[in-house]
């Protein structure tokens, strides 16, 4: 029996119940009773298990039977093949959850590479956080607060990416060099730059919601006649069963309900960029600070300029934007900011034109050129 058929049956039961409440005859009541009896014999849990495997996935690359080869490409340990998204045919939700679970492992792997391969230090935020307070973190080179010459600051875009990543999809489907910031970091350090890697999407932690208290009887329910009270309770019980069925159909393996606890002064990419500026970049001795900001990272940089215009102008030498989604009109950047951006920023955008070919823009801020 298919799930679709079950949903139709429950819809029919709902309709029949509505007809009964409006005075339906004995025939309708008999049909509804028969349908409810049929549904009571169906083991919904077992049926759902056949439709979708458990949402339980490995927590290591080895558990997924994948590893990065010498070229930084993710390959299956046994077959040598690239990652396969459609591992279970016609089960998109399960495949997506599997992909997300792998993505979390990739994020941890990149963090390890930043510390072990790039020799960066993890610094927790807020800097004055208490032991039990939600925290975020950034990565910094050991000379970030001592290098008097130059500093490179990297800001990724929005979505699931975290510190050290440009695009999770590229890491999984292409290689580490394409999808991470590691080549930028290594090149910068070779050239004598201090480095700070921002983590603008790490804005909150998720904790499991506590179970709600059991519903209590209304204060005046004891004054109702017993028959009326029992009928109300029966209707509520039936309604709950139907709601539970619909929820189970929509989400067969109900996941834990969580709530978000936001990180103080780092609850958004814009807040995070401002916090790192105030507490680290502005206090660093480097005379020349350079930014590379991708996608939403460009918007976060423009917002930083709006909030700290004089400081940014005095310390930042140049900004490389890549497919930035900033908008100087919507963000209400003033004329002096737009003029500074025209002189000190460049936005490399997706284009089929040769590298560095000028691309027209409707915005009066920085030059736009082809990323090639």
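The backbone N, Cα and C atoms fix where each Cβ goes, glycine too.
All annotation found in TrEMBL is predicted automatically rather than curated by experts.
Annotated compositional bias 'Basic and acidic residues' per TrEMBL: 225-237, in sequence order. According to TrEMBL, the feature domain 'Arb2' maps to 57-355. Feature annotation from TrEMBL assigns region 'Disordered' to 209-237. The annotation signal peptide is assigned in TrEMBL to 1-18.
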Quick one: average pLDDT across the domain 'Arb2' (57-355), no decimals.
89
Secondary structure content of the compositional bias 'Basic and acidic residues' (225-237), with strand meaning DSSP E or B:
12 helix, 0 strand, 1 coil
